[in-house]
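Listed in TrEMBL for this protein:
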- 6-28: transmembrane segment (TRANSMEM)
- 79-102: transmembrane segment (TRANSMEM)
- 114-132: transmembrane segment (TRANSMEM)
- 158-306: domain 'Palmitoyltransferase DHHC' (DOMAIN)
- 204-229: transmembrane segment (TRANSMEM)
- 236-257: transmembrane segment (TRANSMEM)
- 269-288: transmembrane segment (TRANSMEM)
Amino acid sequence: MEVQWVLVCHGCLTLLIVVSFLCGNWPIFQNTPIQRIHHFITVGAYDYFLRFSMFAFGSRGRDAVLSVENHCCDRPNPVLQVIYLAIIGMTYYFVVKSSFIYVPGYYLSEVHRYTSFFAVGVGVLLFLLTSFSDPGTVKAENVSQYMFAYPYDNILYKEKECSTCKIPKPARSKHCSICDRCVARFDHHCGWMNNCIGEKNTRYFLAFLLWHFLLCLYGAAAIGLILAGRLKELKVIYILTVYYEIDYSFSSLAPHVIQWLVGSYNTQILLMVFLAVVSLLLAGFFGYHAHLCVRNMTTNETFKWQDYKNWKRKLNDARVSTAALKARIGGMTGERKPPRSKWKAFFQRSPLEDAEVVVEDNIYDRGVLGNLYEIAFPLSSRSSFLGGKSD
């Protein structure tokens, strides 16, 4: 039973950390242990480590940690790429070593030995495509074409020059401080790819997320079917009901079946849980980016629109408050009006409710099909791009 409890505690701890890291800033978790765990993971742990380095090794230790941070987070480096290759390689190795001896089995045919290798190979290929493809670098040679392809909306983007590259800055582009280049239709810099995600390689990035979600789901399902096949082949249910006289019901059999699986196939169960959790995370990331692509938005623009709407909302509130204050001052200095009914005052609309509603006026939205077509076939890959026109 010790192994079972270790697995249960491992699963609960993993779930707590994943939920805290991804959702700790949600309003529902304010002032809760999950928010504190999120703060510790994202900020607190590093801050304590930096203080410990300063205490134990002085300024040299702190400077060494800061230089490592600068190299890993503020400069292009292949650390996360190596970690990705190690994760996918070791996971596939453990799956092969622990589970392929049962393939072919009751539910799986021998073809899955080859389809699994093909699926992993395609995943690595998409990783390499995303990592080493040009994200859409804006240069002096193509800046005029990009400016035709992405006109300024005069809301988020206005005509200006990149202070680093010293060239005009097309709309939707951004200068990446890590890669030190301007990227067209900039989405974000991905450390796992050691590359920016932009106009030209967003399609590869989306394919990478979708394929790895399906790959993890396939792996978890395949291991589940292997374990179900072992139950059938070894006649575990028959033995439990006939020889141990356990009732043939789910509530009676489930604890004994789980105990037998965990005791006999704990490596496979750990791999299945790991793949299932990762598939859920990848599904969330893919869903988020697919939602942005359908609207022809980028991660960078979501933050820009949020800042713009907050600024507009504050400006509108200030205008309405100023108008209301002027009306009150005018009422105090002018003729006294008869007192209003309390019921009328109660049901009267607040001046703040008359504030202008801030909406996203996304001029780059071409409709769902047009947006998806733009992702699959970027504007810079079309013949009209060289002529300085946008489709």
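Glycine residues also receive a Cβ, built from the backbone N, Cα and C atoms like all the rest.
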In the same chain, residues at least 6 away from the ends of the transmembrane segment (114-132) whose Cβ sits under 8 Å of its Cβ atoms read 81, 84-85, 88, 92, 95, 190, 193-195, 197, 201, 204-205, 207-208, 211-212, 214-215, 218-219, 222
Over the span of the domain 'Palmitoyltransferase DHHC' (158-306), count residues by DSSP class, listing helix, strand and coil in order.
91 helix, 14 strand, 44 coil
Averaging the per-residue pLDDT over the domain 'Palmitoyltransferase DHHC' (158-306), what integer do you get?
92
